[in-house]
Ligand code: ARG
C-alpha cells in the first residue's frame, strides 16, 4: 500500500485574509475620448459607449459577486472622464480629500465628487496643490504611497499626510504612459505590492525594493495593457484580462486573479482600478 506524501504548501493562506471592501464607481454614461491628456488617448478613436457601459457593469457585478459593496455615483454630462472614479479623491475613515485636477477638462469633476462625499455625510477637504485622488494615492497598510511627476503635485503629499496623520512615501513616475501611480503599481494586501520598475525613477525603485522586498515585479507586456491597474481584496485580484503573465504571477503567489475586459475604457487611459474608488474604513 502506498501512502501519499503530505503536500506542504508554504504560500500564505491568503483566502482567509481577504477583507470585504466598499467601493464607489461612476458609470461611463457620457464616456468619450474627445481630448488627449495622456498618451493612451486619441480623440480620433471611436468609442462604443454601450460596450463601455456593459464592460463597466461586468466590473461592478464582479465586485458585488465577490461580496463587496459598490456605491454608484451619478455621472455628469460633459465630463467624459468621470468614469475614472479613483481620481475623485481619497477617503480614509472620516477624512475625505477631494481631488484637485491637473487639467481643466477634468476640473469640474471635483465638484461632483465633493457633492457625493457630502451626501454620504463626509466633509470634503481640499488641497492647495494638485492631487488626483487614488490615481496617485494608494493606501498600503497604515501608509500612503503617493505618486508625482505627471499629475499629483509633490507638495500635495505633505498636505495629505497632515490631513490623514499618516506616513506618506513619495514615488516619482518617469514614463508618461504610466502617468498615475495606479497604472504602475498595485496594492495587493496590507504589506504586498506589485509594480513595473521602469515606470519609476532610480531613487524610487530603490525605495520600493527596500520597503517591499517581496513585491511582484511585472513584465512590460502586462504593464502595457495596464495590468497593474488592479483592485485586490487581499485575495481576489480583479485585473485587466489581457494581463495574463501578471495573473500567473499572482496565482503563484497564492492570490486569485479575476480578469475583466475593459477594452473601451483603456481608450481613455484607464482600467479596473481607475474605475474604482475604494472607501477605506
Ligand atoms: N483620461 C483620464 C485622465 O487622463 C484617465 C484617468 C485614469 N485614472 C487613473 N486612476 N489612472 O485623467
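Numbers run from 1 along the shown chain.
For all residues, glycine too, the Cβ spot is worked out from N, Cα and C.
Straight from TrEMBL, the features:
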- 180: active site, proton donor (ACT_SITE)
- 274: active site, nucleophile (ACT_SITE)
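Taking CA atoms as the reference points, residue 180 (active site, proton donor) and residue 274 (active site, nucleophile) are 9 Å apart. In this structure, 274 is the one among the active-site residues 180, 274 with the smallest number of other Cβ atoms inside 10 Å of its Cβ.
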